[in-house]
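> Pasting the relevant annotations from TrEMBL:
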TRANSMEM  47-67  transmembrane segment
TRANSMEM  79-98  transmembrane segment
TRANSMEM  110-131  transmembrane segment
TRANSMEM  166-192  transmembrane segment
TRANSMEM  199-224  transmembrane segment
TRANSMEM  236-259  transmembrane segment
TRANSMEM  280-304  transmembrane segment
TRANSMEM  324-346  transmembrane segment
TRANSMEM  495-516  transmembrane segment
TRANSMEM  522-545  transmembrane segment
TRANSMEM  557-581  transmembrane segment
DOMAIN    560-610  domain 'Cationic amino acid transporter C-terminal'
TRANSMEM  587-605  transmembrane segment
């Protein structure tokens, strides 16, 4: 904080306009506030319900297909190692989520964390990308349910006529009534209440896990009786080498997406400091263990080259005379898709609610039903949107857009951990209604209290002459040791901020040039080298620099602390940016259209209606004292 002396008054609203609106940050939900003008969500969730949401949202029907595709094309019998590597990579993001979820237990997930740590502009983009992810993800999952249901009824065309897909020649569209109906049913269930919907998801998830345990136990017995033919191959355990295993890991990494749904329910958890980290960590561990055990069994039952890429598990059992197992496995795929559908629709209205609470979207989205204590209006609106998309569109070509939102969120959450540890926000936005309390405290500290955008030596409503009359009554004595310490801390924060920037730029240059195989070799390797140098220099410097002491009091303390900082979040950033770069140009073009639309909405609505528009920023060290002097807030 610098010193403000003899500067003219500055209007706060002007100071919050322009570029500064993109980097303004909100505070962690304050314990001082009596009423924030919105109703809280019901605190009903415990660790078991969080596990149901996390596991159910993560284990989709993809695992019933991925084991065949990845084993045939990339990993061979080493498929288990690919799942393990991908699980470790996903755990890096889970560690970051766990700390931020316990420190900032409010609805909004990655949008909420980035708004607190990075800034409003980035937070808007993350929230906007997540809305796209959950809308397309839910629609894609819903359209995958009807073919599997048809298999249970006896064949592709065995569904009742009112549920069967119908091709409309004039529009060249295949409508899927079953998908739309399922989305609306799940939407209605989510409107009933979080406790009830979590209970249903627990039942569906348990059924899916039981099917996977059936595959593991019965398949393990078959493998034991037949001698594990899939492992007795002349090509060995690594037929495609280490590169094949790593390529397989990049493919199966997306099977772990879903644990972040746990973080979106943070405001509804009874004991968030304890249960959120446990829920995220245990859900990911259970999913990784099930994936690895299923892959161990399936690649052992059938040689990887002979696997059916579409129905690897069913065909593996059929090859051993257990054709009837196809019904159990198909039932598992249906339950997996249903639980994933619930996990896709659940976070979306909560993100909308969080954005509306912050003023970035209309207040309509922030309404919470008094009886069910869930955002019913947002849930109904998003459910209808997903149902329409599932009914009319085959969204399989848009599946890559789902990954963009998730990977962007994972990346920004990891960056937020670095910011929290090294340069945590040292200013807190307070509403302009507290101006009288702010002025009162500013007089006590005179020119040592620096408030962004205002000269508190001459606060609004206080003339220069009257302020000079008060000067000297509350001035704190000058301490050269404290001044020196503050100067050193500012220098440390500046160096840390530049090194975090160096890491981010280095990661982008390294991953983009490494993936651009069409570039000239000399230019490509030069950019790779530059990116690597920036990344390593930033990482080494952050390892050497002391972390900020303010991290100990940031947010709600006493929860999970992410280990191995800065190495773990930097590795997380590197992995997620690499996966994003390799999603393909077509995916990025489609995502860019959505993002441009979001930017226009933010510029013409969100930025102008943000609750931080007229906020007054004060040093966090003085925020408690300002709250205590205000009669409108709790002490």
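The backbone N, Cα and C atoms fix where each Cβ goes, glycine too.
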> Apart from its near flanks, which chain residues at least 6 from the ends of the transmembrane segment (110-131) lie with a Cβ under 8 angstroms of it?
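Sequence-distant neighbours of the transmembrane segment (110-131): 21-28, 97, 100, 104, 260, 263, 347-348, 351-352, 354-355, 358, 360, 404-405, 408-410, 412-413, 415-416, 419-420, 424-425, 555, 591, 594-595, 598-599, 601-602, 606-607, 610, 612.
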> Between the transmembrane segment (79-98) and the transmembrane segment (280-304), are there three or more C-beta pairs closer than 8 Å, counting only pairs 6 or more apart along the chain?
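Contact between the transmembrane segment (280-304) and the transmembrane segment (79-98): present, because at least 3 Cβ pairs are under 8 Å.
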> Can you work out whether the transmembrane segment (280-304) touches the transmembrane segment (166-192), with the criterion being 3+ CB pairs under 8 Å where the paired residues are 6 or more apart along the chain?
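The transmembrane segment (166-192) and the transmembrane segment (280-304): touching, no.
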> For the transmembrane segment (236-259), which partner among 47-67, 199-224, 495-516 gives the most CB pairs under 8 Å?
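Stretch with maximum Cβ contacts: 47-67.
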> How does the domain 'Cationic amino acid transporter C-terminal' (560-610) divide up by DSSP, counting helix, then strand, then coil residues?
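So the domain 'Cationic amino acid transporter C-terminal' (560-610) is made up of 40 helix, 0 strand, 11 coil.
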> Counting Cβ pairs closer than 8 Å, which of 166-192, 199-224, 324-346 has the most of them with the transmembrane segment (47-67)?
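Comparing 166-192, 199-224, 324-346: 324-346 has the most Cβ pairs near the transmembrane segment (47-67).
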> Any residues 6+ beyond the ends of the transmembrane segment (166-192) with a Cβ under 8 Å from its own?
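Here the qualifying positions are 138-139, 142-143, 145-146, 149, 159, 200, 338, 341-342, 345-346, 349, 369, 372, 374, 376, 379-380, 382-384, 386-388, 390-394.
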> Would you kindly list the residues that approach the transmembrane segment (199-224) from elsewhere in its chain, counting only those six or more residues past its ends and only Cβ-Cβ distances under 8 Å?
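For the transmembrane segment (199-224), the list is 48-49, 52-53, 55-56, 59, 63, 189, 286, 290, 293-294, 297-298, 300-301, 313, 316-317, 320, 322, 325, 328-329, 331-332, 335-336, 338-339, 342-343.
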